[in-house]
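Visitor: Structure below; questions to follow.
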Amino acid sequence: MFKLNLKIALRNLWKNKTSSFINVIGLAIGLAACLMLLLYVTYEWNFDKQGKESANVFTTMTNIFGDNGKTAVTFEGSTTAFGPAIKQGLPKLKYVARMDYGGKNLIANGQNAFKCKSKFAEPDILKMYDYQFIQGNPNTALNSPNSVIVTESTAKLLFGTTDVLNKIVRFKDQFDLNITGVIKDQPDNSSNKFDYLMPWSLYETVDESAKDLNWSNYSFITLIMLKNGANLDLVNQKIAQIEKKNNTDNQQSQVLFPLAKLHLYGQFDDGKSVGGAIEQIYLFVGLAFGILLIACINFMNMATAKSEKRAKEVGIKKTIGANRSSLIIQFLTESMMLTFIAVVFSIALLELFLPTFNNLLSIKLDISYFNSSSWFGILGIVIVTGLIAGSYPAFYLSSFNPIQTLKRKIKSKGFFSVSLRQVLVVGQFCFAIILIISTLVIYKQIQYIKNRPVGFDVNALVEMPQDGELKTKYDLLRSELLKSGAVTSMFQSSVSLSHHGRNFSGIAWEGMLKATNNQLFNRVITTYDFIKTNGIKLTDGRDFSENFASDTSAVMVSASAVKIFGYKNPVGKTITIFGDKFNIIGVFDDYVWDSPYKSNNPMVVFFDQKQTGNITMRLNESNSLQSNIETISRITKALNPAYPLEINFLNNVYAEKYNAEKTLGILSNLFGGLAIFVSCLGLFGLVTYSAEQRTKEFGVRKVLGASLFNLMQLLSLSFMKMIVVSMIIAIPLSYFLMNKWLIKFEFHTEISWWIMPLAGFGTLMMALITVSFQAYKTAKANPVDALKYE
Amino acid sequence: MIQLTNIEKYYANKGVKNYVLRLVTTTINQGEFVSIMGPSGAGKSTLLNIIGMLEEPTYGIYNFLGEDVTNLNERKRIELYRNHIGFVFQAYHLIDEMTVYENIEAPLLYKKVGSAERASRIADLLDRFNMVAKKDLFPNQLSGGQQQLVGIARALAAQPSIILADEPTGNLQSAQAEEIMSLFKKLNEEEGITIIQVTHSEKNAQYGSRILHIADGLIKEDMAVVA
């Protein structure tokens, strides 16, 4: 019986090619989209969850207190003294490892030099992460200060082989390190990813601030692994006690937070996690199942539309002895088979389009992120899809009374079936319209942020890290570059223009009313030509200048800082920072750095030649870009041969700031498009069937003198009505949702009125084209053909 | 075999009862070949459907094989379809997606007949109806007469004791119609299968052993056919 059912189902598929195509392709697209999004969700969801005991690993967060006792800022960071202190006082603690934030640093095998992701950490890190050692001993690998663990790909990059144990590499052109371990590459979805790992004991030599045990410099990460079953709240209470004992003057507090949660729940309000990227994950899960549902709806609609024909079959089978359950099984077999065919297609589609998808989002997803349990989940989705898609026809059709079906008394226009089908179509198009409107609003928002003036001309600016010799030979570099004519002006600074510097609050100004200041200020350190090069508008005073020797104790401040100080004539006034007095010599307009979506902290620019790390140059625009870059490369390479060249264009750096919203835009665009496509596919199928059923009616009408247009109208109108209804539902709903989304941004655009009709009429046109195509074909047919039969 | 007592059927429409059948009482015995005749709308098909349990009478009692089947549940009804009743329709009602062979096989599958038994029964039927060469064709590749032969073969496959035929030759040309009617006569006489058919044609009715004339829902005449 089962074999026959299968055979007949296949024949049915083959015979009704249009509907089979719509069903299989629609379902395959729906499933592929669903799988793709789920792959992305799986990737994000498993962030930092690879280790066997990842649930017991915590990172240290620092809360900075603001006004009225609330926590103003929470960030991942901790002090050097924190780790050793709790190691003593916390019985529930299993391992603790201090780390730096990591950075791109030079590592070389002779001439073979690359800038790769480096990380320093205490040896306990090897017990928290299950690194898979290809070579070396995890128990001793980080014991000696001059050791380094490299990943497989780093080893291959430097030596062309993974057989590199005990070979020597040179770090930052200063330290010769012995390779003590080679580990498998870590997956992309881990926060503490590195290309090579060095011991903390070396870091204490590289960065002196790491050696000094203090409670004030929050520039390090402390990872903690607790024993099984430790209660986080109790542990944090204990930590607070330890901290109180050691850090008497505390403006901050440190707490543990599960490392695996940081990626998705990394947004904090008053020290409490209030979500974060998880919201996007929910959105994507919704989107994934929404599209799948649309495809399922197509399936159900096609099946009910065909019900008149299938009803006859049900009637016959019942008179020859079929009972209801055998019919239900038959219909479900059919839908299951169709689903499985669709699954095969969808996995092919997934493999085919994954590279494109990865490119669009600049991620590296791979089907292997699905583990065995996810595959079971997918199997579950497939079975549920088959059941949902097949259930309505199975239970609805099998209930038909044989005599009614054989006498053709069942009209597919029964009240129930049509209204349900209409509801489903309306639902589909609601979803599609909401997605279109969201896409338009997201694009408008991105555009709005992009068009917000950055505050200076980013186009001719390039920057490069001040590595190796560039620090000591900066003056030489500067004079040679200026002489070459490739660069009109340049400056060195502690951070890139686009990036935030160190935050501090220990500042006082003349006439300050509060005892201590809680407002965080951003610190940038530079030397000469800061304003001249970047072109930020100087509203008052002057830039740092070689003519004034006193500039070492001078600062420039941003307009928003002046507002906080309350100075009427700021130039010449002083501010006190950690006990030192500084003269304000210049005031500049606020410009966009860090996040373009919100207003940033006020900024103070200091003068110090020792603390710079980044060079920014304004290119000479009368030369070609290529010749400028070639000249800069040549001169830099000559002065700093150990380091590979790394020139970044500031306009690219700024463009990258829109990535998160761009991802959202791309996804909603892509999946919105798919949703509409699949919905239209379904609509096409429905019209085809409706036209087929009404062939005779159309023949009669034509004989009576109906025009082509009359007939097209007749066929299209009922479908157009459904689209209009979905517009009426979807437009206010999407207005509400997008408004909610927009107000999350400090700087946001308004929803323009024209977006709504644009989305509505766009969908309407799309549906109209779909429907008209079939309507035209039917209406054009010769009435004799239609009437000949029966 | 079949005992109808005061069968009534009406459709209520806005309080008005439209009678299709009124007080129909009759008995049909095993081995009879009954033709139901009458003008259009007289209630012939309704009567046949009630006999076939496809419709339920509004009033009256219906005994089938000595059992009251007036209000039978679906499960028991399907049992009867599987074992005792074969239907033949005017529009053949073959399953378009199935081949000739599969169409004949379908009732046996529902009846859960073993595969060897199935194969031999189908081979036998195909042989009898001269359709061995056509067993892998689909219904739309056959002529109307051939389709109706398949329809009858399908009805016979489950070895029913009674065949209910609603205008079995209504869509056929006279030569084909004669072939079908002779077949019915042969089945009735040689295998003792009870046959009840609805027909318009006096000529077709002559193949049977008894004619029920129906008009306006009443049995006007019940006569035996004299050979």
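Glycine too: its Cβ is placed from the backbone N, Cα and C atoms.
Unlike curated entries, TrEMBL annotations are predicted automatically.
Pulled the feature table from TrEMBL, pasting it below:
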DOMAIN    A:20-241  domain 'MacB-like periplasmic core'
TRANSMEM  A:21-43  transmembrane segment
TRANSMEM  A:281-300  transmembrane segment
DOMAIN    A:287-402  domain 'ABC3 transporter permease C-terminal'
TRANSMEM  A:327-354  transmembrane segment
TRANSMEM  A:374-397  transmembrane segment
TRANSMEM  A:418-443  transmembrane segment
DOMAIN    A:522-625  domain 'MacB-like periplasmic core'
TRANSMEM  A:670-691  transmembrane segment
DOMAIN    A:670-783  domain 'ABC3 transporter permease C-terminal'
TRANSMEM  A:703-731  transmembrane segment
TRANSMEM  A:751-773  transmembrane segment
Visitor: Kindly say whether the transmembrane segment (A:281-300) and the transmembrane segment (A:703-731) touch, using the definition of 3 or more Cβ pairs under 8 Å where each pair is 6 or more positions apart.
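Guide: Answer no: the transmembrane segment (A:281-300) and the transmembrane segment (A:703-731) share fewer than 3 Cβ pairs below 8 Å.
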Visitor: So, does the transmembrane segment (A:21-43) come close enough to the transmembrane segment (A:670-691) to give 3+ Cβ pairs below 8 Å, pairs being at least 6 apart in sequence?
Guide: yes
Visitor: Quickly jot the same-chain residues contacting the transmembrane segment (A:327-354) by Cβ under 8 Å, restricted to those at least six beyond its ends, or write none.
Guide: 2, 5-6, 8-10, 12-13, 20, 23-25, 27-32, 35-36, 39, 299, 303, 314, 317-318, 365-367, 382-383, 385-387, 389-391, 393-395, 397-398
Visitor: Which residues of the same chain, at least 6 past either end of the transmembrane segment (A:703-731), have a Cβ under 8 Å from a Cβ in it?
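Guide: Sequence-remote neighbours of the transmembrane segment (A:703-731) are 422, 425-434, 437, 683, 686-687, 690-691, 694, 756, 759-760, 763-764, 767-768, 771-772, 774-776, 778-780, 783, 787.
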